[in-house]
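**Q** The compositional bias 'Polar residues' annotation in TrEMBL covers B:1-16. TrEMBL lists B:95-311 with the feature domain 'ABC transmembrane type-1'. What TrEMBL lists as region 'Disordered' is B:1-26. Taken from TrEMBL, the feature transmembrane segment applies to B:30-54, B:95-120, B:132-151, B:185-207, B:240-259, B:290-310.
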Amino acid sequence: MPAHVPNAGLSRRDLLKRTGGLAALAAFTAACGGNTGRPSSGGGGGGEKVNLSQWYHQYGETGTQQAAQRYAKAYTDANVAVQWTPGDYDAKLASGLLSSKGPDVFEGHFNIAMVKSNQVVPLDDIMADVKDDFQPGDLATNTLDGKIYGIRMIIDPQVIYYRKSLLDKAGIKPPETIDDLISAAKELTTNKVKGIFVGNDGGNVMGGPALYSSGGEFLTKDNKPGFTDARAAQAFGKLHELYASKSVLLGAPTDWWDPTAINQGLVAMQFIGMWAVPGMQKALGDDIGVIPFPKLDAQAQPAVYSGGWTQFVSAKSPNVDAAKKFVKWLWIDKSEYQEDWSLNYGFHIPPRKSLAAKASKLQSGVAADTVKLTQDHGYTDNPAWTPKMGTAFGDMLTNVIKKGADPAAEIAKAEKTVNAELSRLFG
Amino acid sequence: MSAPTKTPSAADSVTTGERRRPRRRRQKGIAGNTLWFWVFVGPFVLGLLIFSYLPIIWSLVLSFFEAYNTATPSKFVGLRNYIDMLTDHNFLSSLGTFTIFAVFIVPLTFVLSLVLALLVNQVKIARAFFRSVFFLPTACSYVVASLIWRLSIFNGVRFGLANTVLGWFGIDNIAWLSTVSPPWYWLPLVTVRLWLQLGFYMILFIAGLQRISPTLYEAAYVDGAKPGWQVFRYITLPQLRATSVAVLILNLIAAYQAFDEFYNLIGNVNYARPPLVYLYGISLGSIQDLGHGSAGALILAVIIMIVTLLQSRIFGFGKAGD
């Protein structure tokens, strides 16, 4: 063998001997990304406590994270680790639910795909005794084929709050129809203050309320598209009219769910959830009034989207029973924690009728008005409305609102996607 | 001449013993080299296998399945995902968005980084300072830069930097990122990328410029070529051919991979989302449609490959150094 050719056999064997390090590296890499948020100590068996991981999105109000951790610590039957998620919670949750490395219990929004993909377990057994204490809408939004999959944690009505003083100064009454809203926004606009803030995307968040205020709905009772008639098209067209009126605040540093824009006096009205009431009261005192999303015309009703968050147990959790027990403890048994969560940070309506009835903070002022509007005009999500349908609906709104595209043509495009999705899900 | 005079026997007797040793040492050295080669390269190869090739292969598998909310699907659908993606107007329009972006960003980056390189190269004092100053933004993350652009420079309210400047001239506030007609959002999108990447391409051009032999310029001077445009056009530019082609190709691929600034500046909106933002939305967001997402990603990979091959065919990448 010529001297300049390395002795391949020898060096390879040598290499194998000496590079066990690489194998160690492989093991290390494989171990990476295994942080599920569960506490590292202890196992599942014997008399030892089970480890549970509980995922939250990031709530904007101060004190919420500490509160969540406090509840988890107070639970004695398992070690519960809270994972607080800033940023794109939906994306992180979706990938977390692909494997058993994700959460054991988590908050989210229910839809049929979660059941079809076997991501959540039914909670009928722990809900049986308290079912009647929940609002029918909040049960329906988490129910599929007669089984309840989630426990509503908080109800978040989304409405329009306005500065009373600015409306009084301009001599206008709180808007009652969409046309009123558009003209009020125009009149309230000055060179320093815009009429209304409906999000930096120009108002997609009002697509649902606009649809319901025209008498439509996302899906009909028998799961057909319910957003396709001419009145819905008219309502979406109105959203474009509002956007094009140059009285809408755009490009704010914060988005619609944050009260900074109205608090800083950038706008006279803002579409936002009731969670922001404490923050607005702190900045503006009593200078806040509330209206529902106004009706399209005399034939219709105003609409309030009754959103919120729901607690689920992951079907992929290695400790489903322990997770269910914890969820029952926190969201059914511990009413003082539920009260704390709903009222002491942002304002949310407690989903339990018994708690809502004695929520003194929600019994006066603008919060009480919001609760009343939700009772009269609230609607909840249909679980058959999947994220894919939501995206098609959102694209339709963007094209109509921002680009001024023909609503009927855009509706037809969204309808096609929704129908394809419906036939995939229901055959 | 001295080598043949050595007697073979003497040489042998002296070196037999000694020749072994260096030889063994050499063998050991080579084995050692191989070892160190793998120690240094191994982790990267392993990383490449685990984090690049495996996902690509898995993506190929997923693209033939209906894979909602799962990475281990069971329903084979053949080419349906590909057909869906190629007829999906959103996907096609995302390719359109990319094209517009590339039309802005590629020539602008090319021209501006070349101009910058020429200027910095001519500076006589504080050369290192100027080079570093223009190169520094490259070290900044796209996410951080996007946040600065969105929250302080190009926000739509009166205290945004751009609007404050416009305000001095009595011009109304512009909602830079939310206005679709005229499409102002392109201005922040293009400027943030220019700011971030100009320095990097400038360094490539400076390296190219320094490889040009001064004798060429001297010859041109002797032949009476006017310094300035004439010299630049007939000497500098042709000599920079290899660098130019590399800059163009790198730039185009980088533009195809645009994600961070779009996602962070305007989010997942259908009028300005490049392919990666769209694919992220359908496969990794709450939709979790990994089948269609994978098919789209592979279509995109094929397009990038074809464009790069075509480009190097046209510009003669690789031969360019001749």
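Note that the numbers count up from 1, one per residue, in the order the chain is shown.
Each residue, glycine too, has its Cβ placed from N, Cα and C.
Please treat TrEMBL annotations as automatic predictions, because they have not gone through curation.
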**Q** Six or more residues beyond either end and a Cβ under 8 Å away: which residues meet both conditions relative to the transmembrane segment (B:185-207)?
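**A** Non-local partners: 100-101, 104-105, 108-110, 112-114, 116-118, 120-121, 131, 134-138, 140, 142, 145-146, 149-150, 153-154, 176-179, 240, 243, 246-247, 250-251, 254, 258, 261-262, 265-266, 272.
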**Q** Which residues, given as numbers and ranges, are at least 6 beyond the ends of the transmembrane segment (B:240-259) yet have a Cβ under 8 Å from it?
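**A** Distant Cβ neighbours of the transmembrane segment (B:240-259) are 98, 101-102, 105-106, 109-110, 113-114, 193, 197, 201, 204-205, 207-209, 212, 274-277, 280, 300, 303-304, 307-308, 311-312, 315-317, 320-321.
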**Q** State the residues, same chain only, that lie 6 or more residues beyond the ends of the transmembrane segment (B:95-120) and have a CB under 8 A from a CB inside it; answer 'none' if no residue qualifies.
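**A** Distant contacts of the transmembrane segment (B:95-120): 127, 130-131, 134, 186, 189-190, 193-194, 197-206, 208-209, 232, 236, 240, 244, 247-248, 251-252, 255-256, 258, 271-275, 303.
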